[in-house]
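Data first, discussion second: the structure below is written as structure tokens.
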């Protein structure tokens, strides 16, 4: 199947990363290799964070690749039922769902011992008789893909050789990730087949598809349902729209998804998932899913209470680097993440730190998603102690050993104003899991001092000045 070659490519990518050791290089101009070590390249790297604005689909794929297990989600789940008078069920075991034996076997073979928080509440609604529509908010790593795959597999009649379940994903790569979950969970259903409705998958005009489940991107699925008539939309029993927040950020996907939904029968079960519930996503969800049950996560606010924040006054890039060296010389740092505004600065800094003997990994937006995943995995395993990055990984990466976050450049938006949300996500990489963290901000101009002051005002938290030429002062902050 298509997944095999793609998964193999990822394995090869990570195997290549394993075999590369840290490189000691004299050149300033570098680019990231698969293991985040540094190698020569041309100087065409002058891109700001805003220009390489984090691509939502790539970030979502990255989160899937780097998560080997479910995240321990402490958020409260809020269930808003379509019929407030009907009883509200949640389950604590998969046996309570009365699944077909082959499905239960598949669930356990995947390593799921009990339902995750989102699964506890979503599965009884999705597997109810008659099936109910659902809009659910869930981040990567909460088990939502397994939940909707279970719903699809529960409805499929393997003896019927035509599409019965349709799942829309924003990109080919995300479709393949969902496909892998279907193949794993459905492996005790040998007669169950899966088709990918993605660009490049050429079929003869007029051909009918015999696979019971189709996963694809909106444009190709729309063509297959309408123009090419490969799929009879009136026979679809379950329609899943995954990553809705990513979907509406992509030109044309929103309209295509709505057009597909309008072709489906009235009794088709509609399921929509999104990591966020901003107004644009909510409006889209209501167009696509009639009479829904809604599951929301009451998000616990990220807090700065466990993080000590400092700033260092510098007059140049070299002074900022020297301040960084002084920090490393005075205190023990398990692992650190250092954020830069441009790829060029990140590349230069990674090279300089490497020359000083540090084990450095480098992340930037020009890397393929699989390369980024390999770099993050190595950092998580402690093979590199310093991760230098642009905004590309400010979110979603939990590395327990990160004790220090350094803003080599303060985060600003495209207009040069403080990007408070990014600041919060950046320094939130430390002080995780209830531990105390340390954040150090480099300030090298009146403008960056103004940015820092505005960040202080926004969070109502004082950021103390730190003199990195005073070793005693540095040692105090570590206690």
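Glycine is treated like the rest: Cβ placed from N, Cα and C.
Lifted from Swiss-Prot, the feature list:
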type: MOD_RES; residues: 2; note: N-acetylalanine
type: REGION; residues: 2-300; note: region 'N-terminal lobe'
type: MOTIF; residues: 92-120; note: motif 'Q motif'
type: BINDING; residues: 119, 138, 139, 140, 141, 142, 143, 144, 145, 429, 432; note: ATP binding site
type: MOTIF; residues: 242-245; note: motif 'DEAD box'
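Remark: secondary structure over the motif 'Q motif' (92-120) totals 16 helix, 0 strand, 13 coil, with classes taken from DSSP. Beyond its flanks by at least six residues, the motif 'DEAD box' (242-245) meets 56-57, 60, 145, 148, 167-170, 174, 178, 272-276, 278, 281, 284-285, 288 of its own chain at Cβ-Cβ distances under 8 Å.
For the motif 'Q motif' (92-120), same-chain residues at least 6 beyond its ends with a Cβ under 8 Å from one of its own Cβ atoms are 69-70, 73, 75, 77, 127, 136, 138, 142-144, 146-147, 150, 153-154, 181, 184-189, 295, 297.
Across all of the region 'N-terminal lobe' (2-300), the predicted model scores a mean pLDDT of 79. Taking all protein chains in view, 21 other C-beta atoms sit within 10 angstroms of the C-beta of residue 143 (ATP binding site).
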